[in-house]
Amino acid sequence: IGQALALLLKNQLPSGSELSLYDIAPVTPGVAVDLSHIPTAVKIKGFSGEDVTPALEGADVVLISAGVARKPGMDRSDLFNVNAGIVKNLVQQIAKTCPKACVGIITNPVNTTVAIAAEVLKKAGVYDKNKLFGVTTLDIIRSNTFVAELKGKLPTEVEVPVIGGHSGVTILPLLSQIPGVSFTEQEAAELTKRIQNAGTEVVEAKAGGGSATLSMGQAAARFGLSLVRALQGEKDVVECAYVEGDGQYARFFSQPLLLGKNGVEERKSIGTLSAFEQHSLDA
């Protein structure tokens, strides 16, 4: 995900932004040199090795995509043992180096890595629930694509709110809330299932060659850029993400968020659900 995400950010971040790449792999500074030849006004540096500190200094937004990817036959929870440790270590460094940064966790299983990050930040005394996000944007862009295909719309005209979590049946697209589009109950059930299983569709199609890295890079870039716009004072920036809420549905829950200068400005209502959606939420 990292390289695709870095390429998109190098091209799309506002002029004057600084982009830092970090990975344990020694290739990372070279990836930054490669990207630095792209003519945009975004400064880029790459860091590798055991110490992430220089990459984090002064950061306003940190996106964590480090970890192992899914292989066929695995679900997102199979990644837990390895990826939990990676996220824990990185977040400990964030707590020390840039405790006020907004942190977006991409590393699966998001439903648990976000909770781990929250505990690490709490232990360090720097947790702000308005600044920690599980990036679920891939579920939204997939929903937009699949709905547009099914209904003959332009994908750019469709925006589907997706609530719940970021794995399997916890992913709940609110298909009933798309203006000007309606679904039969069967269509809604089939489409919901396809959105929930879209990650597996990619894992199987890649036949052992990894998971969704390019579409995830696009999703993470969209979320990161929305955060940057909101931090810079743009109004009415809304994205769905997996955050600690008021505990109405679960401690952590993906819902529409109004973003602002301090991260989450407002956790927006999930609105009125169809009977099918309500049943899925209650389950």
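Even glycines carry a Cβ here, placed using N, Cα and C.
Binding of NAD(+) is attributed by Swiss-Prot to Ile1, Gly2, Asp23, Ile106, Thr107, Asn108, Met216, and within the candidate set Asn81, Asn83, Asn130, Asn197 the record adds Asn83 to that site. Site extent for NAD(+): among the recorded binding residues Ile1, Gly2, Asp23, Asn83, Ile106, Thr107, Asn108, Met216, the largest C-alpha separation is 18 Å. When the recorded positions Arg70, Arg76, Arg142, His166 are ranked by how far their Cα is from the Cα of Asn108 (NAD(+) binding site), Arg76 comes first. For the pair Gly2 (NAD(+) binding site) and Arg76 (substrate binding site), the C-alpha distance works out to 18 angstrom. DSSP assigns His166 (active site, proton acceptor) to coil, not to a helix or a strand. The Cβ neighbour count for Gly2 (NAD(+) binding site), using a 10 Å radius and every protein chain shown, is 20. For Thr107 (NAD(+) binding site), other Cβ atoms within 10 Å of its Cβ number 26.
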